[in-house]
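Asker: Sharing the feature lines straight out of TrEMBL:
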- 47-149: domain 'TMEM205-like' (DOMAIN)
- 1-26: signal peptide (SIGNAL)
- 42-66: transmembrane segment (TRANSMEM)
- 86-105: transmembrane segment (TRANSMEM)
- 117-137: transmembrane segment (TRANSMEM)
- 188-208: transmembrane segment (TRANSMEM)
Amino acid sequence: MGWMTRFLSAVVFLAIGVLFAPETFGSKSDGQHPPKLATFLKLAHLLCFSTAFGAALWVTFIGGIIMFKNLPRHQFGNLQSKMFPAYFSMVGVCCAVSVGSFGFLHPWKTASASEKYQLGFILAAFAFNLSNLFVFTPMTIQMMKERHKVEREANIGEEVGWTKNQEVAKVNPKLSAMNKKFGMIHGLSSLANIFSFGCLAMHSWYLAGKLDL
């Protein structure tokens, strides 16, 4: 199934959802925005937040771990080098839309303290993703490529896991130094990603309290 087919399928399901909830178009205004505009902004916020939160949950705690434990290490690294820029771009865009829609619905001058905190959480998630997209991820990819070259010279990297790398690093000072540098950069990237996920998780609690199911 092509990308356009999948996108159109999602649009069709969204349209069906609107048909089964026609009362949303007759809802009362919040006093600041037209009812249809408010509903559209809430939908944009909810879809973009849930996409960002779900993607972060999967990549951070599930998908990455499964791939690392089952793919040859160089293959895993090459895949991550293609996936992470797309991942951070998507989550960044979703956070930007969430910030814009939430900020429009809750202007700073009239927002409550809780709403200001929530806007801060989403802004922080957006900032952490930008730091990964433009700073840490390019540095990590470059360092990974350099280390792959050294590992190929030592005939390692096609195995699953870190065992051979650690064994060779004990007698190869160059690889040992690269491991330390890569670990530092990758650690900062992981930390930024965790902080971003944490900010989104805090906002999820706020949204849950607002739902009336």
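Backbone N, Cα and C define each Cβ position, glycine as well.
Keep in mind that this is a model prediction, so the values were computed, not measured.
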Asker: Just to confirm my parser: what is the rounded mean pLDDT across the domain 'TMEM205-like' (47-149)?
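Answerer: Taking every residue in the domain 'TMEM205-like' (47-149) and averaging pLDDT yields 96.
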Asker: Using a Cβ cut-off under 8 Å, which residues of the same chain at least 6 positions beyond either end of the transmembrane segment (86-105) come close to it?
Answerer: 30, 33, 38, 41-42, 44-45, 48-49, 51-52, 55-56, 59, 115, 118-119, 122-123, 125-126, 129-130, 132-133, 137, 196, 200
Asker: Per DSSP, what is the helix/strand/coil residue tally across the domain 'TMEM205-like' (47-149)?
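Answerer: Each residue of the domain 'TMEM205-like' (47-149) counted once, the result is 94 helix, 0 strand, 9 coil.
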